[in-house]
Amino acid sequence: MLLGRLFVGTGMGIGPPVAALYVAEVSPAYVRGTYGSCSQLATCLGLMGALFIGFPAKQIEGWWRMCFWASVAPAALLTLFMEFSVESPHWLFKRGRGADAEAEFEKLLGGPYVKGAMAELSKSQRGDEADTVKLSELFYGRHRKVVFMGSSLFALQQLSGINAVFYFSSTVFKSAGVPSESANICVGIANLLGSLFALVSMDKLGRKALLIASFSGMAVAMTIQATSASSLVSGSSVIYLSVGGMLLFVLTFAMGAGPVPGLLLSEMFPSRVRAKAMSICMAVHWMINSLVGLLFLRLLELLGPLVLNTIFATFCLLAVIFVKKNVLETKGKSLQDIEIALLP
């Protein structure tokens, strides 16, 4: 069991950042946000599928093994379908394989658009760069601002309390008399609706606007939950505010704070450092994720729901301020134009 979890954890550490990089590099600028949102939508559908597969576990002994067997199918399909997917033209050009990059662009965009795409690619990449980026360049060099921005965005995403909500939502619903199965379905539906909104709106409203709206909504939702734990309300109002605030929090998270950071950072990092910088930001993401998961229940006992939810709401407000001051809008821009705009 532990060995299996080690392999799954390794896959989860590699998969999401590589998927975000790949989607950003193979997608045309005008639909890159929509395609990037598909990752969040797929995650949401996967979570709901896992919930339904797991329902019989209480009634059927040994059903948990079937849950693991079911997980083999999407992994196998991904392995198979990636064999038929194009290689990233950005990666090929960076390796000095210009002819291969042109061939991949032709598959992606069609023959008439290849020359324009290659010209865009040549703006900021020489086509013969060796992948010799040092970590010191990311922490102290000219890329430090973008790396700091990405790491901070992921840290604020996790410090908003989203995983505490996902991990422990069943407890809140149980106190309202709602069975855990129904609670998980409600959270899943809220997550799905928010993801669909992000899918439709990403290339219309832009990344920055979605982030600001999302974190603002999350702050309001956490304030509602904090209010439900205060002495200002009593009786059945406590349950309604707590459950409503939780569902609103998940909905607004899925609208922006969930799907945007991974896509946005894949767009913002220069090609030469994109892979390593994204890895650093994802490492920050998982470290904060682990800390929130480990400390949430202990902090809940020590501080109480009022103080803890107020802290989460404060981090959401800090995220709004941070996004307004630091995040560049990337809607409709090529990766090369974004790189030129950000680098000194």
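Just so you know, glycine gets a Cβ as well, placed from its N, Cα and C.
TrEMBL: automatically predicted annotations, no manual curation.
These numbers come from a predicted model, not from an experiment.
Taken from TrEMBL as is:
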DOMAIN    1-331  domain 'Major facilitator superfamily (MFS) profile'
TRANSMEM  6-24  transmembrane segment
TRANSMEM  36-57  transmembrane segment
TRANSMEM  146-170  transmembrane segment
TRANSMEM  182-202  transmembrane segment
TRANSMEM  209-227  transmembrane segment
TRANSMEM  239-265  transmembrane segment
TRANSMEM  277-297  transmembrane segment
TRANSMEM  303-323  transmembrane segment
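Stretch with the most C-beta contacts under 8 angstroms to the transmembrane segment (146-170), considering only 6-24, 36-57, 277-297, 303-323: 277-297.
Listed stretches 36-57, 182-202, 239-265, 277-297, 303-323 were compared with the transmembrane segment (209-227); the greatest number of C-beta pairs under 8 angstroms is found for 239-265.
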